[in-house]
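Inspection log for the structure reproduced underneath, given as structure tokens.
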Amino acid sequence: MELLISEIFVFPRSTDDRASRGTLACCCGSAGCSLCCGCCPKIRQSRSTRFMYALYFILVVLLCCVMMSRTVANEMKERIPFYEDICKGIKAGDTCEKLVGYSAVYRVCFGMACFFFIFCLLTLKINSSKGCRAHIHNGFWFFKLLLLGAMCSGAFFIPDQETFLNAWRYVGAIGGFIFIGIQLILLVEFAHKWNKNWTAGTATNKLWYAALALVTLIMYSIAAGGLILMAVFYTQKDGCLENKILLGLNGGLCLLISVVAISPCVQNRQPHSGLLQSGLISCYVMYLTFSALSSKPVEVALDEHGKNVTICVPDFGQDLYRDENLVTGLGTTLLFMCILYSCLTSTTRSSSDALQGRYAAPELEVARCCFCFGPDGEDTEEQQNVKEGPRVIYDEKRGTVYSYSYFHFVFFLASLYVMMTVTSWFNYESANIETFFSGSWSIFWVKMASCWMCVLLYLGTLVAPLCCPSRQFSV
């Protein structure tokens, strides 16, 4: 394809023209993406491909945020001449109500989810980057952008919109919870892998014992400190019974998993189980608890002077929300950066293997501080490979670095998770991006459920070998 394009468009041999030819081959052919910029550093094909799909994901997420913004809708209505006539002309309603709000986000995310699901099916069982399907996955970015735009736009023409939205809402909820579940499974796997790797180093160097003890102490200190601070700021002497119960319950669960992790019966079956894993899980439980409490709708009560005052929130909480636009912008940016990070870290080969129950043998572990990567980095291919495009290193000649199909499946689930998160889950009718961080019962209970699910998953990895002694468990 690259050669065909080169023959159709006769390029001179200068450096700039070679870069232009490579950019055209990247966007319209099967060449690896060089990020369309000659000044960019050298990049592996596997990473550039993931970057481009992530960029498409970000563009659609930004569009969803704009659609959920009440401020943007009002500004467009005030500043665009003949706004109502334009809306009627494109059959979007008198005030373009079909292009804003939760229903528009549902339609756009439906298109993005279909886009990633189609590529998930298209890339099943690809083990080499040399095949035709692999070329489609790694190139043709301009046509993919057109396809994504067409699918997101086409969702607005689905007949019987009311039935579609009601059905798609439940599909989104299921997919969103599956996405959360995958992240929690990988977190538990990460905790076990961390402890197993550092424990392997104690056989040759006793300093690894000190490293394990120090990190464990730090994590338990963070968890305990977080619990104490939440008890101080999110409870009061009189009232806040619900917050007190939840803090006591989650604190008790952290104590329970710590005791179970070092119990003799668990140690006999899983010698690698220890306080490092339970400390990491405890930190994450405290984080989810804090996130849930901060997402809880504000409670108002009358004081002794008959004035409405907020209760069960920090006294400085009102100051944080003085600039509504600043909080919304920063909060939304951080939220979707975390979602994107979760997507990319969940699609590595090791994560895919972990979800399928495939782990490295303990005797093959080599203790490293950066244990997430191999001794020579993420990719096992040689650094200097033949360059077939500008500034692109083709690092998948021997085999794929990550599972293409699983990569698209995770982004499919992430599309559903974004759809539900932006529309406040089951609070969709009154949702908008400006009040996203002001509190919602739906978001509160989703985060609390995630917290308890994480504890249950970790307990399951500890108790399962005791319940099924005949089976071999490896974590």
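Even glycines carry a Cβ here, placed using N, Cα and C.
TrEMBL annotations: computationally assigned, not manually curated.
Among the features that TrEMBL reports, transmembrane segment is placed at 51-73 (among others).
Residues or ranges marked as transmembrane segment in TrEMBL: 104-124 (among others).
Annotation source TrEMBL lists transmembrane segment at 136-158 (among others).
The transmembrane segment annotation in TrEMBL covers 170-188 (among others).
The transmembrane segment annotation in TrEMBL covers 208-233 (among others).
Positions annotated as transmembrane segment by TrEMBL: 245-262 (among others). Under 8 Å from some Cβ of the transmembrane segment (245-262) lie the Cβ atoms of residues 223, 227, 230-231, 234-235, 273-275, 277-279, 281-282, 285-286, 289, 292-293, 448, 451-452, 455, 458-459, 462-463, all in the same chain and six or more residues away from its ends.
Here TrEMBL flags 274-293 (among others) as transmembrane segment.
Summarising the annotation, TrEMBL assigns transmembrane segment to 326-344 (among others).
Sequence-distant contacts of the transmembrane segment (406-426) (same chain, at least 6 residues past either end, Cβ-Cβ under 8 Å): 50, 53, 57, 60-61, 64-65, 68, 102, 105-106, 109, 112-113, 116-117, 119-120, 123, 171-176, 178-180, 182, 335-336, 339, 342-343, 346-347, 352, 433, 436, 440, 442-443, 446. What TrEMBL records for 406-426 (among others) is transmembrane segment.
Residues or ranges marked as transmembrane segment by TrEMBL: 446-468 (among others).
Relative to the transmembrane segment (104-124), the listed stretch 170-188 leads the set 170-188, 274-293, 446-468 in CB pairs under 8 A. If one looks beyond the transmembrane segment (208-233) by at least 6 residues along the same chain, the residues whose Cβ comes under 8 Å of a Cβ in the stretch are 195, 198-199, 201-202, 243-244, 247, 250-251, 254, 274-276, 279-280, 282-283, 285-287, 289-290, 293, 313-315, 367. Distant neighbours of the transmembrane segment (170-188): 106, 109, 113, 277, 280-281, 284, 342, 345-346, 351, 354-355, 410, 412-417, 419-421, 425-426, 446, 450, 453-454, 457-458, 461; these residues of the same chain sit at least 6 beyond its ends, with a Cβ under 8 Å from one of its Cβ atoms. Long-range Cβ contacts of the transmembrane segment (446-468) within its own chain (Cβ-Cβ under 8 Å, at least 6 residues beyond either end) map to 180-181, 184-185, 187-188, 191-192, 246, 250, 253-254, 256-257, 260-261, 265-266, 269-270, 273, 277-278, 281, 284-285, 288-289, 291-292, 295, 425, 475. Through the fold, the transmembrane segment (274-293) approaches residues 187-188, 190-192, 194-195, 198-199, 212, 215-216, 219-220, 222-223, 226-227, 230, 234, 243, 246-247, 250, 253-254, 257-258, 260-262, 443-445, 447-448, 450-451, 454-455, 458 of its own chain, all at least 6 residues removed from its boundaries and within a Cβ separation under 8 Å.
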